[in-house]
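In what follows, a structure is listed as C-alpha cells, so that the remarks can point back to it.
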C-alpha cells in the first residue's frame, strides 16, 4: 500500500491587482475541493473517481472558468471542453464544443467508459450525452452577468480576455497592439486563464488526471484549446498524473502534460525534476502551469507565470492552498 496525494488548480497567471475578496473566494473554493477529495481518498475511493468528483465541484461553482461561469465565445454562448485519464491502463476520454451538459468532466468519463472512442465533440458529443442520460441544461445556465459584461469589454478592445473577472480599468479603449503578451504571434490584453483541474494518486498507486474549461473569453466559435487534448492539457500513466493550465496554444505545441511522464520514464528522474525540466525547457515563449502527482505519493506544482491558483494535500497531513510563487 502506498500513500495518496491530491492537487487541484484554478488557472495559471494571476493579475497582481486581483481584489483581496476574489483571492479569498478562490482559496475557499480550492480548500473545499481539496477537503472533498481528501475525504474520498481516506475512504479508499479510486483515483479516477476522486478526479471526477473534484472537477465536478469546480464545474458547478461559477468562480472559475469551467461549467457554470465559463468564458463566452464571440457569439455570447458557452462552448466547454474537458478530458480525464486513468493512468493504470492509460484509458482516456475527452469532449469539446459542449453546450448543454452540466458537467463536461462526467461526459468525458462516459466517453472513456461507455464508448469505443477517446474523443467526441460538438453535436456528436451532445447526442452521446443524451443517449447516456446525463443531466443537461439550457446554455443560458452557464452564462453569468459578469461574463456578459466582460465579453462586451473584450469586443470593445477587439481582443481575447483571459481573466475575465478582473476589472480592466482603461483597457477597453486601449490599443491592443500595446500589449507585450501574444498568442500565436497575436497580441492579447491580459494573461490569467482560469481552467480547472485535478490530479490524484490513491493508496494503490493508481494515478489519474482531469481538466475542464470554458476556454477563452471572446474566442472564435469552434476553438479548441489544450484542456481536452490528451498529452497536452491532461495526461496520466503508471508513473504520474498531470493537469495543465495557461496559454493553451503553448501547451499544445509542447505536449506539456505528456512530457512530464516522458521525462520521468526516459530520463529516470523524479517528479519534481521532471516538472522543473518541462516548465523551463518546453514552453518556449508561452506561460503556463501544471499540477502533478507520482505513483509514490509525491505532489508537485510548477508554473512560469506570476502565480497559479492551486492546492495540494498528502496522506502525511500536508495541505497547502496558494496563489503566488
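In case you wondered, yes, glycine gets a Cβ from its N, Cα and C as well.
A TrEMBL annotation is a machine prediction, not a hand-curated record.
What TrEMBL records for this protein:
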ACT_SITE  195  active site, nucleophile
BINDING   223, 224, 225, 226, 245, 246, 247, 248  substrate binding site
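Every protein chain considered, the tally of other Cβ atoms within 10 Å of the Cβ of residue 247 (substrate binding site) stands at 28. Per the record's binding annotation for substrate, residues 223, 224, 225, 226, 245, 246, 247, 248 show a top Cα-Cα distance of 16 Å. A gap of 8 Å separates the Cα atoms of residue 246 (substrate binding site) and residue 195 (active site, nucleophile).
Note: residue 223 (substrate binding site) has non-local neighbours 73, 79, 215, 216, i.e. same-chain residues 6+ apart with C-beta under 8 A of its own C-beta. The separation of residue 195 (active site, nucleophile) from residue 226 (substrate binding site), Cα to Cα, is 10 Å. Here the Cβ of residue 224 (substrate binding site) has 18 other Cβ atoms within 10 Å, regardless of which shown protein chain they belong to. Counting in whole angstrom, residue 195 (active site, nucleophile) lies 6 from residue 245 (substrate binding site) by their C-alpha atoms.
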